[in-house]
């Protein structure tokens, strides 16, 4: 398969790209460390030029995956070349070097692309002084390719002239007989290096020779030299007419494979690309394109997918060959058993036909042994004696095997005249411990045993072959599925880092080294994100990507802390209970104090560090599955923020056996009823407030009074009700900013009552059911099962009647005082903003001018509403959220899964995942750990065929990539997996 451009290819590519001269360079992108995209535009015309160091240069129409973080070389190219015209594009000499000039005069820059050996891309100024170089090196100890060095203009080769007849004759005299003509020319004539292998073979075939021609046999130096001279003329004429080439060609190869069912499978792969259909390729399958650029673009764009197809076919051939070997082995075994039966039958028959001779031989040897004669003496006696019958010899002792009590006789069939006249008979081992008849019986028994084995082999072979064929077909099917999965597989931008998705759907990334620590802070950390660090040197930098401006929940912070500490020396040293801290992005800076400096990957933290609880070193290994769009809604809110919500407070009407709000085991039924009724009271009060706020806005005829009333009621509600643990801190901050209460006795009483309510709400905490409480709960449900809404409201009113009567007058007095204070402080904008934050209903007001306060101060709430909408737009990143939602660790049977992604995360983030393996510090290497993990998941009985195929398609290197060095594996069925190996 062709891997890089030849000189001929460069000439054609440069000729076709000339039409893009004069276009401006808009942007430079890098695909990998040696492949770059130059995006040009002129009016409405656009083109993308692809440069790969040492390989190719062509215009591409395909979409290529670009690096999210441009390399330093790309940034340097952007700095000097952006918005400059492509003034010239030429081949330097007759070499595989291309010079691209951007700009003119003093502002001219050159991009030099080398397409041979290891390749190179060089950025130089107008005088060819190198500004930046992709691969700095020294060549021949003289030419230095470093920044500020001048690019050597004498480096490119020039076009050579073809050899003369005298030169050919002189060099061919040194050729050895039977040497391949093509190889000899390529090695001894430098001009053939410029031609390339394809043009060299084309000129030989066109000149009446072939690529397999041998000197001295097919080629005579004296008579055929003029043919070779004509071949060089053909090559030179081809190079001169190169401007007339307008098409491109891809040479293909068709591989055929016979499947177990007898069908033939064909795989067509691209092998080479050329600007001309050479003579040696005309009999091969090929595809024609409108230009050479199109052919090259098509070749390299389909290269990766074809690699998967070729690899799959090779594995399929291996599976089919294995099946063929099994079949061949069974056939060979049956053949040997049949031959053994025939052999034993012949030996038994010969012994039967020569019973007397065999018995005499046995008796003779027995007597000699009984006389304690030496073995050599026995052999001498045997040579002197012949057992004859009427002059015909039917038995001869050939060998003694007295160590095993055997002799070897050469027996002839006395009833076969042809065999009697032959010089040799059949050699048969005879047991001296048995008679001739006993030896014949032994051979007949051996024949019978071989027949039984043959029959069993025939019976078992059918089932074995069927199983092998079934397994082969399944293997072929799995390989096709894996190949299709690899083609669909999308590599996410965060996979180049350490990463995981928290249990609350936040993406967490961390750097693998100091360079990546710099990258994630400088390029990926946004103002709404959170910076987490273990607090000691060598630890990785962790960033929690926060698509909203809401505070990051504690569970996610703790999981990020586990990640920060695990990817540090704490893991190798097995140090548990380390503390990490988190700070806001504005606290992280690269500016070092005076007289100090920061190394790569190090940052200064300004201000207060928020330390997190000490964590254990417990990670987990699992798989996330990519969902098809139609399956995503099925997993909505699969990973959500953890916390107690108002709606989740248990109602006695609900039939729920897992009652978690029991205060203690010894509480009576009356106490339990009281707790439930108090919770329902709080819930209904909050629901009444939420349901009535909109109604007040719509029906109000006096906006000023209603707004003040809602302000005060909301402030009071924020004191009375503590919705959840996550909201607790917000309520405290809001209560600090509220207007100060008066020093009157009424206010003090009011405050005391509010505190008592808060204490009651805080004491009712969700607890786990204890012994006896489940029975009490059932009694409560039985008691309240027939209660309707009217009874429920009546009980709530009775509970609140005594409290409300005493509070009614006090609240009216306090409202009047607070209204006066609010009106007096509405003049200050800061206080006005505080009130707006405290009251959520303000954002729901109509966009019109509304009066606030008794003094008639006006405020445009429409502007505030517009600003809040803008902030909401900035706080969310829908693309990132959708991307995370499309990955699930809990696949359902009805889901359509596209591919699997291995993930290493804190074990708490994987609690609900279908597949998970616990990792703690240990001695197991990451490669073995990844194999064990995959085997464990594949043996899961609940795993579907699709899930197994998706996990099989993942490379073990990708699984092991994020595993720390040295782990201990823990899983419920892990020992079974290890023992089954």
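Just so it is clear, glycine is given a Cβ too, placed from its N, Cα and C backbone atoms.
Unlike curated records, TrEMBL annotations are generated automatically.
Remember, predicted model here, so these are calculated numbers, not experimental data.
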Where TrEMBL places coiled coil among the ranges 282-312, 313-343, 344-374:
313-343
Region 'Disordered' range according to TrEMBL, out of 688-725, 726-763:
726-763
Kindly point out the range from 654-682, 770-798, 799-827 that TrEMBL annotates with region 'Disordered'.
799-827
According to TrEMBL, region 'Disordered' applies to one of these ranges: 630-652, 837-859, 860-882. Which one is it?
860-882
Using DSSP, what is the helix/strand/coil residue split across the domain 'NFACT RNA-binding' (496-607)?
33 helix, 25 strand, 54 coil
